[in-house]
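See below for the structure under consideration.
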Amino acid sequence: MDSNPQSCENPEIKSTEEQTQNQNQVSQSPFATASLSLSSLPPTLPTQFFIQPKILSLFSAQSPSKVKVPTQASSLSHLSLSSTSPSPSKLSFKSTFANNPLQSPLSLGPRRPLDPSNGAAIRRASIVWFRNDLRVHDNECLHTANNESMSVLPVYCFDPRDYGKSSSGFDKTGPYRATFLIESVSDLRKNLQARGSDLVVRIGKPESVLVELAKAIGADAVYAHREVSHDEVKAEEKIESAMKEEGVEVKYFWGSTLFHVDDLPFKLEDMPSNYGGFRDKVNGLEIRKTIESLDQMKGMPSRGDVETGDIPSLTDLGLNTAATMAQDGRPSVSASMAGGENEALQRLQKFAAECKAQPYKGSKDGSQETIYGANFSCKISPWLAMGCLSPRFMFDELKKTANRTVSATSKKNDGGSGSPDTQMNWLMFELLWRDFFRFITKKYSSAKVGTAPATACTGALA
């Protein structure tokens, strides 16, 4: 007779007691976790680990005492579960499911963060409001909207307030500028269509047109570039007010200058009021990298069945088409300047090649003759003004054809080298002038700034 009576206990009763103890441990510590390391287990485990005790008791005579563990499981040396149980010899288990599954539902898709300005947000539909940025290259507004949205609706509005007569009796927008704009909008539509999108064109006030389109497609946000003049800033304020009532966010970007407004070494209200002071302040300032154009865009929103609309003619805008014709009935010289991004890029490449290939012509006194293409001008200003060409892209393209470093803040004289690179520095010099005028306009378009006049004097510092 065995002196140890516990060895003769019924295994079923013992297993039931262990099960009861484990259940008590789980009920006392509902948040306990199991501690198990497969790397420390032998290649075989007792069948009690896999089979319920009561079932084991019925087939104890026939069932094997041990069960093989798959080799894949035994080789998982990194799989382990920690335990908060004080007794390492006993196993305790905890369910990973909440008592109420509705308290922790599964996420079946990306959820937008509470902060809508977060770049990782996925918007259902967005509107890109094109203004003086009629291009797909180096367009942060378009690029960001495409990355943050499931569908994008590009829109351009011909604002009736930009046409007609001013208080002085002059055309707010003349027939030549209007023709150039119509061609640029048409070219933008073709470029968007080539990327799987399109351009919605409307004649109307943006604060009314955009709200109507936002309701139709269920837009979450409107993306646009900021402008600098008084009327354009007022239009932005009206857009923000109208969209706020509809619960639609308005996100603005900056993309009309060589230097980004956020990179300036001074606050805009503290900007020097003369070019010389501005140039000294931005000397050595780094220019942001150009944003690559999108190869493929998100599709148009299916909701709302929005029609793209027709691009208006001069007659639709209230302008006389005869004003664009010369006296002999043939198109005027300005008609040869076709609007659009594609035309702008071709002219830029042609200008860079001419600037590099044309030999330097210097006078006897050592002065330099600058080269600006045909008739001593690059004639790229109209495309820069409409946003068909990015000044940063222009800067990068000219650097590619230069034999040495081209600086946007290089001095006008440039030491009298007279090389083709010097002529490119002259163009960079003009781009910097353009930045000055846009920033100074933005500065004084705010009511918070004083009325001190700006000056183009290059000798004085602010």
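Glycine is treated like the rest: Cβ placed from N, Cα and C.
Automatic, uncurated: that is what TrEMBL annotation is.
Since the structure is predicted, the reported quantities are computational estimates derived from the model, not experimental observations.
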Pick from 76-96, 160-180: which stretch is listed in TrEMBL under region 'Disordered'?
76-96
Given a separation of at least six residues and a C-beta threshold under 8 Å, show me what packs close to PHE436 (FAD binding site) in the same chain.
TYR275, PHE278, ARG279
Can you count helix, strand and coil residues in the domain 'Photolyase/cryptochrome alpha/beta' (124-258) using DSSP?
60 helix, 29 strand, 46 coil
Per-region confidence, the domain 'Photolyase/cryptochrome alpha/beta' (124-258) (mean pLDDT, whole number):
95
Mind telling me which of the binding-site residues GLU430, LEU432, ARG434 has the densest Cβ neighbourhood, counting other Cβ atoms within 10 Å?
LEU432
Applying a 10 Å Cβ distance cut-off over all chains shown, what neighbour count does ILE380 (FAD binding site) have?
21
